[in-house]
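TrEMBL has this to say about the protein:
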DOMAIN    A:12-245  domain 'PABS'
BINDING   A:Gln41, A:Glu116, A:Asp147, A:Gly148, A:Pro172  S-methyl-5'-thioadenosine binding site
BINDING   A:Asp96, A:Asp165, A:Ser166, A:Ser167, A:Asp168  spermidine binding site
ACT_SITE  A:Asp165  active site, proton acceptor
Protein chains: 2
Amino acid sequence: MDNQYLQTINGDLWLTEDERENLKISYRIKEVLFSKQSPFQHVMVLDSYDFGRMLVLDGVVQTTSIDGHIYNEMISHIPLNLHPNPEKVLIIGGGDCGVAREVCKYDSVKEIDMVEIDELVVSACKEHLPEVSGNLSDPRVNFLFIDGVKYVENKQNEYDVIIVDSSDPIGPAEQLFSKDFYTNLYKALKDDGLMVCQSQSPVFHLDVLKRSYSHIQSLFPITKLYTAVVPTYPGGLWSFTIGSKKYEDVKSDNFSKDTKYVNQAILEGCFKLPEFLQQALK
Amino acid sequence: MDNQYLQTINGDLWLTEDERENLKISYRIKEVLFSKQSPFQHVMVLDSYDFGRMLVLDGVVQTTSIDGHIYNEMISHIPLNLHPNPEKVLIIGGGDCGVAREVCKYDSVKEIDMVEIDELVVSACKEHLPEVSGNLSDPRVNFLFIDGVKYVENKQNEYDVIIVDSSDPIGPAEQLFSKDFYTNLYKALKDDGLMVCQSQSPVFHLDVLKRSYSHIQSLFPITKLYTAVVPTYPGGLWSFTIGSKKYEDVKSDNFSKDTKYVNQAILEGCFKLPEFLQQALK
C-alpha cells in the first residue's frame, strides 16, 4: 500500500504534503483507491478521514470531495455570468472534470472543448471521484488529451469563454502563467470573449498573482480579480483573474443554478477585495 | 530548547499541531522567543519561517504576525461600524491585545474594559508580538485579569459593544459558547447595544456555529453572521456572529481607519454568505 508519498505511523496511513520548505500538512488516510504513474505525474485518489476522497498529483492534494466544488463553482459560474450568452467554451486543464460539470449547467453552452494533457487524471476521477467529476458524460464535452499551451497557439476568434484550471506554476504548468500564453488566449477568444485563470494565493504567492494580473491587464481592456475560500489550499484564500474584451458586470440578478457555494450574494460579493489586495493591484 | 510541543528533525525545529485526530500541521521554527507555563495553559511565542512570530497556547497556533490582523480587524471594525456611537466597550479574552489595539482607533470610544483570564498571555504578547499587540499602552484600556464568564454575571445595562475573542470551545473556553453566557451578555449591554463573538469554522465546526447562532438568535432581535479568511486557521474560512438589540446596518459609507484587511468593500461584502451557509442558518 505504501509508496513514496504515504507513510504508516502507529498503524495509521498518512499523506504528508512536503513540497513547501517551512510548512507540512498531513492527512490521515482511510484507503488508497487509485495509485499509478502517468507519463506526466504520479496520480492517486485517496479516501481521507476529514476531507473525503482526494485527488493527489505528485503527492500534492489538488481537490477533495469536501471542498472541490468551491473552486470548481467559482472558476466556472463567475465568468459564465459575466458573458451574456456563452455558447462555445474552452477548458484548459481541469482533469478532475469538476469545471466541465459546472459549465454543463448552462443551456446556452453548445460546445465544450476540454484540453487536459493527462488522460489518466480524467479516467481516475471519473471512476473514483464522482463527488467532483459527477461521472461526467455530457455529449457537449469534447475531450482532447493534448498540451493546452500548444492547442491555443493557432486558435483564432473561436471561443466565448476560456477557463484555465491549472495546477501551481511549477514544472509543466509554468507556461500557463506566461504572457505568451495569455496572448494566445486573447487571440483564441471572440471579439466579446473573456477568459479566467486561477491566480494563486494572495497570502503566499502575491508575486505570482501580481505578475499574472499585470500580464492580463496589458492585453485585455477589462481585468477583474475575485477571491474565494478553498479550505484545502494553504492559506484558504484563493484568487482568480478575469480578462475580458467587452463584458464587465455580472448579468444575473437572480442566480439559480444547482450549486453549494455560489449564489447571487457570492456573485456580487466576490469582487469586494480586502485592503492589502486593493493596494497590491494599484 | 525542546519541549513537549517542539521537535528537532534533521537539525530543524518544528512545531506540530496535533490536537486534531486526522489532520496535522507543522511549522518550521526559527527561534523560541518565550516559553512558560501559566496557571491556565502553556504559553509560547515562536518565530516561524512562513508566518512570522506566532502566539502558541497549549501547542496550538492562536495568532501570527502575518495574519493576526485579519481576525482582529474583522472582530472589531464590523461591530464598531454597526453601532453609531460606541463609547464603552468590553473585550472578553483577546490576550494578544490585537482587538484592543483596533478598538483604540475609534475616537468615540472612551473606555475599554479588557477581561482576560491569563495575564501571562498579555505580557508575553506585549513584549514579543508587537506586530499584533502594537505594544498597547492606550490609557482608555482597563485590564482585568479575571474570568470573563464570572465578570459578566452581574453586569447590567453598561456596555455599547461587547467583543468575545475566545479560543476554541474546548476546556475553559467552552462556557463562552453557552446560552447562559450569551444571556448575561444581553443583560450587560445597553438598550441599543450589540455583541460579537467568533463562531468557529463553517467548514469543520458547522455544528458549533449553528448552535451559537441559534442561542444568539433566541435572545437578540437582530442576528447577523459574517465571514473572513484567516490563513492560519484550519480551512481558512472563519465566522463571526453579531447579536444586536437595535442596529442592523453598517453606518459608514467611507471607512478610513488605518487597516490592512478591512475596508469599505469588506464592510459591505462580509455579510454575503455562500449558499451552504445560507442554507445552514435557515
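Using N, Cα and C of the backbone, Cβ positions are placed for all residues, glycine too.
Annotated features, which come from TrEMBL, shown on the structure.
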residue  : record                                 : Cβ contacts under 8 Å, 6 or more apart
A:Gln41  : S-methyl-5'-thioadenosine binding site : A:Leu57, A:Asp58, A:Asp118
A:Asp96  : spermidine binding site                : A:Leu55, A:Gln62, A:Thr63, A:Gly68, A:Asn72, A:Val121, A:Cys125, A:Leu129, A:Val132, A:Ser133
A:Glu116 : S-methyl-5'-thioadenosine binding site : A:Ile91, A:Ile92, A:Gly93, A:Gly94, A:Gly95, A:Val122, A:Phe143, A:Leu144, A:Phe145, A:Gly148
A:Asp147 : S-methyl-5'-thioadenosine binding site : A:Val115, A:Ile117
A:Asp165 : spermidine binding site                : A:Ile75, A:Ile91, A:Ile92, A:Gly93, A:Gly94, A:Val99, A:Gln198
A:Ser166 : spermidine binding site                : A:Ile92, A:Gly93, A:Ala173, A:Leu176, A:Phe177, A:Cys197, A:Gln198
A:Ser167 : spermidine binding site                : A:Leu57, A:Val60, A:Gln62, A:Gly93, A:Ala173
A:Asp168 : spermidine binding site                : A:Val60, A:Gln200
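Counting every protein chain shown, 27 other Cβ atoms lie within 10 Å of the Cβ of A:Gly148 (S-methyl-5'-thioadenosine binding site). When secondary structure is read from DSSP and collapsed to three states, A:Gly148 (S-methyl-5'-thioadenosine binding site) falls in the helix class. Binding residues for spermidine (A:Asp96, A:Asp165, A:Ser166, A:Ser167, A:Asp168) extend across at most 15 Å, taking the greatest CA-CA distance. Secondary structure from DSSP puts A:Asp96 (spermidine binding site) in coil. A:Asp168 (spermidine binding site) falls outside any helix or strand according to DSSP and counts as coil.
Mean per-residue pLDDT, taken over the domain 'PABS' (A:12-245), amounts to 93.
Other residues of the same chain near the spermidine site, with their Cβ within 8 Å of the Cβ centroid of A:Asp96, A:Asp165, A:Ser166, A:Ser167, A:Asp168, are A:Gln62, A:Gly93, A:Gly94, A:Gly95, A:Ala173, A:Gln198.
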